[in-house]
Each structure stands twice: as structure tokens, then as C-alpha cells.
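Worksheet: one structure, shown below.
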């Protein structure tokens, strides 16, 4: 009795436990009706949702909620109870604040393409295990990031803030960050403290900002000892940055800036660098030995720069020829002087560098105010046409000296013709200047009609190349300082000199353009050689045709009279063509006579008959009928062959 009661008690206990566990199992396996659930992956994307649906299974690990219309009010508070969720995709929604109520253990959060404006400590502190944060294409600004917002994000490795409204790099970023993307913002300055302590940073992308050389702090990248990739594409740099971390840097991208010079120490100690890209800049020469420390370089890309292949670039030719096969260098193509335009620097002979040329120097003195120091925003100056080194070309320039009133500042200017349409202007300043205005005008043209061209050059520059001028034409070049130090000039009257471009006939380039350069059309004011040759051939052809026609017309009537039969053998088909009618006989031609042999059954006579040829040699008719009224059944062709079946001797 006791055992039976005990059995009933155990069965009741099991039933009770089953009833308690059953709802939990059903809940764990439930899925929102608007979503699709598959082994921890919850697919609620692209459904025009305005809020996150309830009833998400507790064993969910990844939530796909992108491409909806979810706003901040649509994030339920019970979402934070999903403790197994590690990845949430909420991009392309309608969030305007950093979302709260997120699962505590989320590691990867995608919030791109929303309208998030603020990042607070309260929102980030609730997800302390976050490793990847994607905030691209939002409205985050530097002032909208709360100070210390990331102080508890000790696991954050990737922070993407591309295409926002940042003007500076946010302070207080966690030391654990390995990749930081800040491209396409409005960053114009980077101070050293903003990147201080980011010793784990490996990849830094700053493309498409407003950075210039004055906006980069001294040694701003120097302490990033683990940095392997630095990208500064599409900024306003005029010189390559210096003091780069040399321990681990492997990739450096500087293309699409306004770089016109490379400091001699720019790439010092970058022994691990294997890819360097400086394409689409304004480089015309490189300081000697600039690549000496690049022991591991394998890809050097320098396309679309106005390289001036003068004496200062001869060392580059020697360096290129000494490189091993594994090193791939692209874009070192001469753009000037004209005689080597389109040629690869590596292929130039030593004589083409003109290392013995000398220039002609003109001196200009101007009066300026008391110097102080004011630096305008760099990067706002227009990109120069082409900057060239001090390559000298004798016999192409004239001395022009203009002297102003006595002053405390002297500018020494060199003006010389480089090609028939290019002049090179260089200058030296005794005292620092912030900016100068450079202009040029073809003499004989009125400035009122827009023929004058001017540009602003920074005080850091010392030379300028003016292109697209007219050959053998006089030009007036003027220069005036816009600012010296902190005070404006009392007198901004420009000081001008006159120069002259070289004649076109002095340049006759015979080079072949490289594949990467567009071939220029051949320009020649004279009649093209091909047209002359074609015309001559046409005239000769017409003359020959006329001569042939005249000859045929003259000799056509004599053709039949001059024809004579060959003494050789003729095929039987030739007789048919000549009008000969064949009988039951075989004609056998023997030299100048032929023999007729009957093929009848009668015995052949032993007597040999010889029939002489009746064909007259001159092709005239042999038979004449003096009686026109009498008819005849025989008639002769013009060739003397009778139409009858028998020949007559």
C-alpha cells in the first residue's frame, strides 16, 4: 500500500515539473510572426517596422533589423533581457539618438545610415563588452560626444565614424582601439592629445577631410607605435607629413592632395613600409635619397604628377635602375622639358638631364611693412598649375631687372622660359611672408577682357611654373606680397617684369609617349606630308592612265593588221575560235604547212600531197570577187580563213 502511494506521488511530481518546464520551452522556440528565426538568427529586416517586435527567442544570438523605420521609442525595454545576443544590425533606420535598452553582452553594433547626433556615457556604459561600433553616415559632431563617453568601453577594437560632422578627432578614445575610420568628415586640425595613448591603433583612415600641414600637430602620429596603415587621401596637404611612426608602418596613402614638395626626412626610418602612394599631386622633383630608408618597399605609385626631368631628377633614374625586380614603381613619367615629355625617367640618357644649364636671375626690391606673424588657413590656396625645380635653360630668356624704392626686404626672382609655352618663375624671400599674389598678362592684351591670370601662392613656396602660354610672345609677370607677418602692406602696388616665351621652332620633340600618357595630336601649320605624297601619287596615276588610253587608241586599229600566226603548234580548240570548220579530216600543222589525211576506208595514196598555207601574212582577204552581181557560196573572214568546207590552193 505504501509503495503504491509512493509511486503515485512520484508520477504527480514529474507531471508538475513538466507543466512548469513546458511553457519555458515553448517560449524559447517562439518567433515573432513578422520575423523568421533560424537557429539563433532572427531575420526582421526589410519589413517597414517602426519598432522591434516582442517575443524574440531567448536563445537568439544575432538580430537582423536593418532597412526598417525603427525609431528610439520603438526599442522595447525587455530587449536587454536577451543575454545571448552578440550582434545587432540596426542600420538604415530612423534613430536620432544612441539606442538604449540594448543587450548587455552585445559585441558588434551596426548603426549606420541613421540620424544619430549624440553619444553619451550612459548609453555606452550599458554595453561594456562592445568590440565593434559602426556609426557611419550619421550626424555626430565633436561637441555632441560626451566627454568620457568611451571610458568604460574597454573592449572596443573598431570604431567607424565615416561621413559625420566631426571637426576634430574625439578625445578620450579607449586604448584598445585597433581601427579608427574618420574619413569624409570636416576635420581640419589634429592635436597630439587626441591620439595620445592609442598604442593599439593599427589602421587610421582620415580621407576626405580638410587637413593641411598647419593643422597636423608636431609628431601627431609619432606615438602610434603599432600603426600599420595611415591614409590621408583627398586632403589639402602641400607637403608630405614628417615624424611618422617607423616601427610597424607598412602602408602610407597620400594621393589626391596638393603636395608639391617632400621634406628630406619625410620617410626616414620607415623600414617596414612596402606600399607608398603619392598619385595625383603636384610633385615635380624629389630630394635625393628620399627613399634610402625604405628597405621593404615593393609598391611605389607616383602617377599624375608634373615631373620635371631636369638635373635634380637624375638621381631618381640611377635609383630606379638599381632596384630589384620585385619593386614595382609606377608613374615616373616626364612632363617637362618638352624634349623628354612622355618618356619614362628610367629610360633617359644622362645627357637629357641638362645638368650644365644655367639660369638668369633678376632682382626685384619692394617695400613692406614691419613684420609680424599671421598664418592664414592652409589648404585654401588654389592648387598651382605646375611646380618645377630650378632647372636652367640658356639662350631662352632675357635679363629683366626692376628695382623699386629702397626697402628692408628684397625678393630675388628668376624668370626663364622652359619650353615654347611654359615659363618658370622662382623667387627668394629675405623675410617670411604669409602669401603672395602672382599674375601674368600677355602684352598687347587689355586686362579688361580677361586676359590677365593670377593666383595666390603661399609664403612657403619659392617657385611656380606657368604653362599653356603662346610661343614667341611677350608676357608681363607681376608679384606682390599680400601679407607680411601680422600687418598688411601699406603699399600693395605690384612689381612687374617682362619676359618672352621661346619660339616654337626651337623645340622639336621626337620622343614616344608612354602607355599611361595620352598621345598629343601632331600640330603643324604646314601642309601634312601625307597629303603631299597622296597628291603626287594621284597625279602620277592619272598620267599613266592617260598614256595607256592614248596608246590603246593609237594602236587599236593596227592590231588586226599586225597579228601573225605563230609557227608553233595550235590546239584543236584554237581553230574553232578562229572560225575554222572541221570536216572528217584531221589537220596537222607542221611548221609553215599542214597536211590533210582522209580517214575514209580507201587506201592511202603513197603520193604525198603538200598543201601550202593560203593565209596571207598581213591578214588581208585573199579572195576577191570582181563581179558583184555573181553569187558565191564561199566567203572569207577578215583573217583569211574560208567559211566553206574546203580550202583552195
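Yeah, the Cβs are placed from backbone N, Cα and C, and that goes for glycine too.
Quick caveat, the model's predicted, so the values are computed rather than measured.
In Swiss-Prot this protein carries:
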type     : residues : note
COMPBIAS : 389-401  : compositional bias 'Basic and acidic residues'
DOMAIN   : 29-58    : domain 'LRRNT'
REGION   : 38-67    : region 'Interaction with ADGRL3'
REPEAT   : 59-80    : repeat 'LRR 1'
REPEAT   : 84-104   : repeat 'LRR 2'
REPEAT   : 105-126  : repeat 'LRR 3'
REPEAT   : 129-150  : repeat 'LRR 4'
REPEAT   : 155-175  : repeat 'LRR 5'
REPEAT   : 176-197  : repeat 'LRR 6'
REPEAT   : 200-220  : repeat 'LRR 7'
REPEAT   : 226-247  : repeat 'LRR 8'
REPEAT   : 248-269  : repeat 'LRR 9'
REPEAT   : 272-293  : repeat 'LRR 10'
SIGNAL   : 1-28     : signal peptide
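Taken together, the residues in the repeat 'LRR 3' (105-126) have a mean pLDDT of 95 on the 0 to 100 scale. For the repeat 'LRR 6' (176-197), the list of distant contacts is 136, 153-170, 203-212, 215-221, 223-224, 231, 377, 379: same-chain residues at least six beyond its ends, Cβ to Cβ under 8 Å.
Remote same-chain partners of the repeat 'LRR 2' (84-104), defined as residues 6 or more beyond its termini with a Cβ less than 8 Å from a stretch Cβ, comprise 40, 45, 50, 58-72, 75-77, 110-120, 122-124, 126-129, 134. In the repeat 'LRR 4' (129-150), helix, strand and coil residues by DSSP number 0 helix, 5 strand, 17 coil.
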